[in-house]
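Asks: This is the structure I want to talk about, given as structure tokens.
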Amino acid sequence: MTAIVEPSVTTGPIAGSSKVYRELDGVPGARVPFRRVHLSTGDHFDLYDTSGPYTDPDATIDLTAGLPARPGRVRDRGTQLQRARAGEITAEMAFIAAREGMPAELVRDEVARGRAVIPANHNHPEIEPMIIGKAFATKVNANIGNSAVTSSIAEEVDKMVWATRWGADTIMDLSTGKNIHETREWILRNSPVPVGTVPIYQALEKVKGDPTLLTWEIYRDTVIEQCEQGVDYMTVHAGVLLRYVPLTAKRVTGIVSRGGSIMAAWCLAHHRESFLYTNFDELCEIFARYDVTFSLGDGLRPGSIADANDAAQFAELRTLGELTKIAKSHGVQVMIEGPGHVPMHKIVENVRLEEEWCEEAPFYTLGPLATDIAPAYDHITSAIGAAIIAQAGTAMLCYVTPKEHLGLPDRKDVKDGVIAYKIAAHAGDLAKGHPHAQERDNALSQARFEFRWNDQFALSLDPDTAREYHDETLPAEPAKTAHFCSMCGPKFCSMRITQDVRDYAAKHGLDSEEAIEAAMADKSREFAEHGNRVYLPLAQ
């Protein structure tokens, strides 16, 4: 690979953690990665890890050479869907089962039923296999990629490594500027997670940005080029049909999907049905050769609250259901993309209809944003909707950064978007009772109650920022074991008071109710002795 400037990326363990591996039975040389949090109690807590070798201090990182190929992969033996239907538990399925803490047979069964996908192109041997499906932990995708205005290969590779460090389960390279092929090659060869693309962007670049000049042959050749490189899943806007375009005429924001608008423009210019739709069978045959997963794009998704759940959106969704059946008949894995901008009370209907019309194919949604009024904070507006739609059964959430609608995200925006969406995904998993989801909450809550500050930081989604915020007011090392923080101070920490109650009960042989009454009486006297003041100077 060649690049204008060789990338420089962040490496080394996340604070309070180390990289550990578990040997995978039956697959010689295969090791399943985890982030191990080392607790001050002498125990440890292992977390799902997406960071690849970049957080392993013993790994040699050579971005020019790329990551090593994973052991156990088998080429030219069909797709994961075909092999699952045949009753085979592939090396990838076994790897995923160990990662997720789930039975391998469940992994195989969900893939066979089309309710889960394993994006793993035969030509992308660098990835650590993962699964997208509602029976498993909700995943998060991070979009990166250059534009015609800004960014470079080095910046995009750095964003990829940075996003996976903080928990991105997949990456989409949405480059639309210069060096699209080269940028994608650098990302693929160095990505430990599946990489998705939208091939119509590169196809459009080949015709100098004029949608009317696109042809099936140009698009097909672009898809094959990307399959050969190793792209794991591709967004295809094959559901944007000529007859659906007029349904968007009275929308507040029209067609907001780039791919959707490109195909709508082509359909109107030629007054013909989309070549993605009319050539879908051939596209399936190409995808099957490489085991590339369809991400059937929602080109008519709502771009504003006013347009949510309208006729255009749901007409396209029905067509995506038809295409899902066709793809599966070719043995190709499929997931369905979803909105968008949707008020909270309309979110669940999207999941219900997707599951009904698309045979429960994994749902992959962009947010949705629950309100339109907060540019610069759309990682928050969308995380609200994302948590709701995750609880309802969405399998993967596409992050939104603070720069959404405003500009190309930088490194900080990428991290902010990933963290916001890891929160939404985890909240959704908790709400739907996903196995293992609450274990991390319990571990952190216990550390919080026992004033093990360093353990709290290490167990959090963002240890660096948690420590930074704590240390802004209590930077001294003894504060890491203090039984208070700067919010309440040493006298009125609720958890310290509760600990005092428990200690009092144990010391005096009282049951909890008696202890509470006695201890609260003591605290009442203590409060009066300090002048009945709610807030005290930190020095006290």
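Glycine is no exception: its Cβ is also placed from the backbone N, Cα and C atoms.
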Asks: Since Swiss-Prot lists Asn143, Tyr201, His237, Ser257, Arg258, Gly259, Asp298, Gly299, Leu300, Arg301, Glu337, Tyr364 for substrate, which candidate among Met102, Met160, Met172 does it give for that site as well?
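Replies: Of Met102, Met160, Met172, Met172 joins Asn143, Tyr201, His237, Ser257, Arg258, Gly259, Asp298, Gly299, Leu300, Arg301, Glu337, Tyr364 in the substrate site that Swiss-Prot records.
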Asks: Can you tell me how far the Cα of Tyr201 (substrate binding site) sits from the Cα of His341 (Zn(2+) binding site), in Å?
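Replies: Distance (Cα to Cα, whole Å): 23 Å.
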Asks: Sequence gap of 6 or more, Cβ distance under 8 Å: name the residues on the same chain that satisfy this around Arg301 (substrate binding site), in order along the sequence.
Replies: Val256, Ser257, Gly260, Gln313, Glu337, Gly338, Pro339, Gly340, Leu366
Asks: What whole-number Å value do you get for the CA-CA distance of His341 (Zn(2+) binding site) and Tyr364 (substrate binding site)?
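Replies: That separation, Cα to Cα, works out to 14 Å.
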Asks: Consider the binding-site residues Asn143, Gly259, Gly299, Tyr364 and say which one has the Cα lying nearest the Cα of His405 (Zn(2+) binding site).
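Replies: In terms of Cα distance, His405 (Zn(2+) binding site) lies closest to Asn143.
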Asks: Once the chains shown are all counted, how many other Cβ atoms turn up within 10 Å of the Cβ of Gly259 (substrate binding site)?
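Replies: Other Cβ atoms within 10 Å of Gly259 (substrate binding site): 24.
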